[in-house]
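Have a look at the structure below before the remarks.
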Amino acid sequence: MLYPIHVYGSPVLHKTSAKVTVFDEKLATLAQDMFETCEAAPGVGLAAPQIGLDLAMFVWMYDGPEHKGPQRGVAVNPTLLIEPVDVFEPGPADEEGCLSFPGYQYGLRRSPRAVLRAQDEKGEWYDLEATGWFARILQHEYDHLKGRIYVDRLTGKPAHQVEKVMKREKWNVPGIVWMPGEDELYDASEEELENLAQMSAYFAGVDLAAGVSSSKDHGASFGL
């Protein structure tokens, strides 16, 4: 199943993601759907907020020539440690793009090394060390879970360019999405957004009506 990808301005992209507390077959299905959406986009990583879910979870798919780690994986409730970043102007090799800021790339310095600790879709904890472009991917996706898109880190002229892009594209407003494989952006329906809110609440163990943690199964209606 493919999910529409949310564009800069959707509130879920600009907040710290909720902790996942429910690990079941539905979460495994969601992880597989995220892989399929990422591949169709195409991209090398996808965070749950990018598909409208308020969940601390992302996936990656990467098989670069220098990459020695797993080519794909799921990171749930992650923490990420990085080395300090040298203060230099970004070069061509530092350019990033983002599925939630489609069609544009900007240079951004990132740490050359990162250490990830996370749970997989079954809830098992693991540790992973990353270098080079893989480390960049992990930092990019982890930023999404903290409510930050990579363009938010830009300064100076690139930051001004981003402001012009958002004004020209009429982004930075809630609910704009696009479906992988299609070029047109559109407004998500209230039904779609409500469905995503129910899914988020289910995996976070939250009762939407009461606003408190709950072990009840709220997932029957969202059709994973």
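The backbone N, Cα and C atoms fix where each Cβ goes, and this holds for glycine too.
Curation plays no part in TrEMBL annotations; they are all automatic predictions.
Here the structure is a predicted model, which means the values were calculated and not measured.
Residues or ranges marked as Fe cation binding site in TrEMBL: Cys98, His140, His144. Per TrEMBL, active site is recorded for Glu141.
Projection of TrEMBL feature records onto the structure.
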| residue | record | Cβ contacts under 8 Å, 6 or more apart |
| --- | --- | --- |
| Cys98 | Fe cation binding site | His140, Ile149, Tyr150, Val151 |
| Glu141 | active site | Gly45, Leu46, Ala47, Phe58, Trp60, Ala75 |
| His144 | Fe cation binding site | Leu13, Ser17, Ala47, Pro49, Gln50, Phe58, Ser100 |
Packing count at His140 (Fe cation binding site) (other Cβ atoms within 10 Å of its Cβ): 24
Additional residues around Fe cation, ordered along the sequence, whose Cβ is within 8 Å of the centroid of Cys98, His140, His144: Gly45, Ala47, Gln50, Glu96, Leu99, Ser100, Glu141, Asp143, Ile149, Tyr150
Helix, strand or coil at Cys98 (Fe cation binding site) [DSSP, three-state]: strand
